[in-house]
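TrEMBL annotations:
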| type | residues | note |
| --- | --- | --- |
| DOMAIN | 204-256 | domain 'PAC' |
| DOMAIN | 325-377 | domain 'PAC' |
| DOMAIN | 409-542 | domain 'GGDEF' |
| DOMAIN | 551-804 | domain 'EAL' |
| MOD_RES | Asp56 | 4-aspartylphosphate |
Amino acid sequence: MDRHIKILIVEDEQIVALDLKRRLTKLGYDVIGTAASGDKAFALISQELPSVVLMDIHIQGEMDGVEVAAKLQEKHSIPVIYLTAYSEEKTLSRARATMPYGYLLKPFSDRELHVMIQVSMERFENDTKIAKSEEHFRLALEAARLGTWEATEEKNEIFMSKSQNGNLEPISDWKNFDLSIDKRDKHKVSDFIQKLRLNKGAAEEIEFRVNSDSGKDYWYKLYGKSFINTNPYKNQVIGVLQETTEIRHVQNRLAQAATVFECATEGIILLKNRKFHCANKAFYAITEFEENDILDKELIFLTESFLGQSAYNRLWRSVEESGHWQGEIKTYKKNKEVMYVWINIGRIPVKNGDVDQSVVMISDITTVRKTQEQLTRIAFYDCLTSLPNRLLVMDRLKFALEKAKRESLILGVLFIDLDNFKRINDTLGHKAGDSMLRLISQKIQSELRKSDTLGRLGGDEFIVIVSDVDSKDALTRIAEKILNCLSAPVIVEGMEIIPSCSIGISVYPEHSDHHDALVQMADTAMYQAKSSGRNMYAYYHPCLTQRASHFLMRERELYQALERNEFILHYQPQFSSSGRKVTSVEALIRWQHPDKGLLFPAEIIPVAESSKLMVEIGNWVLAEACRQLNVWRSEGLSDLGIAVNMSIRQFSDTRLTKLIDHLLHQYELPAHLLELEITESCLQDDLVDNAHLKELENSGVSISIDDFGTGYSCMSSLKNLPIHKLKIDRSFIKDIPHDKNDCAIAAAILALGKELNLKVVAEGIEFPEQVDYLDTHGCDEFQGFLFSKPVLPGRITELIKNQANYH
């Protein structure tokens, strides 16, 4: 387009409006403003007229988008394109009455948006040009100025009355008129009159220019015929004088209109009595028909047999009553290729008895339509598994729920979560994970009925809607079939994997009659199944919601605690077996709750581990411990080490090594003074990547296994892991020296540590007898209430500066 396109957005959702403004600006358009209501829109228009208005149908204020568009048409000639996510007939019928230049159904792509604006503006300019040409042509015919003139052998006489609609003053003096004839045409006019005088019975016409006082030229045409006037006998010339200035202008404009007609990218067809009369080149290019194929015939896509009687009657009734109709039609080219077209039909006003005429404008929107279909599939189907996504699943659940209510049926929602799927992604890569998700979706689908809906909610979560069942037993059977089918091995990237899943089940009408609640309840039940041992199913029970509510409340409080700096660290010293000197401290988190006082890790860790908070809280502990160690070093405690408990979520974070390097540099700490503790169970379940541990070891920090002895199965892995210290779990310490089994286990761990050249720490020491036994068997360090409870940082400084012998 030659001129810059200015756009006004009328949209009540600010986020949508801002996003649309960004997209339009990116496409090169000038957005003059956004309005959430009709009043705001008219206020903006009063300041600057836009080229086009993008109008949402449902907006704020007393008027909706259709009413605003109607008033806009009354006051201004500005094209309107509707934006809407709704397509009910009542709304569309009202919208059509405002003669919009198009509809965009949300969501739409940048390309659709750009195409719609360009097509609408081109249509608008074409409409404007044609309308102007037609108006000028009508006025030219009405304003034809006719006058009579007479010439004899003796003199010339002329008279031209002022036309009813014109501005030309009456002409009564030939001499003055002759003087006004343009000098380029004077001889031509003189020769014309002389020729008529000399040739009896001759009839001639001539066109010439007349100069006005304003300096503007006017065109006139003289029609003349000579005859013999017998009384008196002489040759006389009588003629008509017509001003043709406007006719010439109209002819120029008609030529322009004809050019627009032929050059328009939209097909333009003229119908007479609903039958094809003529069309421009664009029509033949779009449909690939030739004139002989359809001359004097109805257009195939406007026939009753094609549209159906009801649609056919509605279309032409709209044309007859309102003068126009527009809409989308799926039709075919001459070669039977499917195409989608947007049709605009306008009725040409005619007098009674004249042939009924209509103009049809046709736009090929096949590409746009196919793009919309692709976007619809993207919007409602999972691109990886081709299953319905959350939006479509929820829509189908609403429909199934309404049917179940009407027909008093039982409906079940199965929430499926794959067990340990993250391990597949982490070990085999995301490509293998994607392959497994496709295989899993196919296996589940094979166990379902055609009436059931399987969808993917995202990640490794699936959902099944089971309708038309007569009892919960049917839901149980389906859940068991899914568990059984997934227990069979699958081959992923050449490796055999045995998948498993946890399933939560909610039931209508037992649990809820609302779709969102049923999904949430099934999700809650799934977590119950997972916590019960995985590869199981569980039905929802109200007590699960109470537990979940408590969990969510505590999670929210933890977020606030981080923001308000409510966490603190206490430190429990570790003493050497030789000399009972403090060698290091273990950092233990506490929560200074504003209402409940000091809370211990049991109130923090379980909730944090089940959310994204664990990494944030764990990193805070790590940073605070390093900061405090720096303070102690500035106080002269240069050899003091510090141990920090690490969660599996932290060890899985690829940014951990960089964070530790940053903290060591920030607080000027020797790396060997920082010890990272990880539980044995994490090593047992292969939740910690060996390569990641070695990367941490290379940074210089120490790594120890906490709660050693409780994992049973990681003994064989010790020789391959970069471990520096073992901590005997307190469960094996508390009954020493009275329980022979505990004594034997502790002695074995101490021997193992010595054999592998690992330091061993005994935690939970409360009695001197425990120290004596462990000391005898070569324990390196002690930690427990016998020596010191976890204390604030200042107390650690006092302990070290006042070292005492505790035995």
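The backbone N, Cα and C atoms fix where each Cβ goes, glycine too.
Since this is a predicted model, take the numbers as computed values, not measurements.
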Exercise. Of the listed stretches 204-256, 325-377, 551-804, which one has the most C-beta pairs under 8 A with the domain 'GGDEF' (409-542)?
Worked result: 551-804
Exercise. Per DSSP, what is the residue tally for the domain 'PAC' (325-377) in helix, strand and coil?
Worked result: 12 helix, 27 strand, 14 coil
Problem set entry | Per-state residue totals over the domain 'PAC' (204-256) - DSSP helix, strand, coil | 12 helix, 33 strand, 8 coil
Exercise. For the domain 'GGDEF' (409-542), what does DSSP give as the number of helix, strand and coil residues?
Worked result: 58 helix, 41 strand, 35 coil
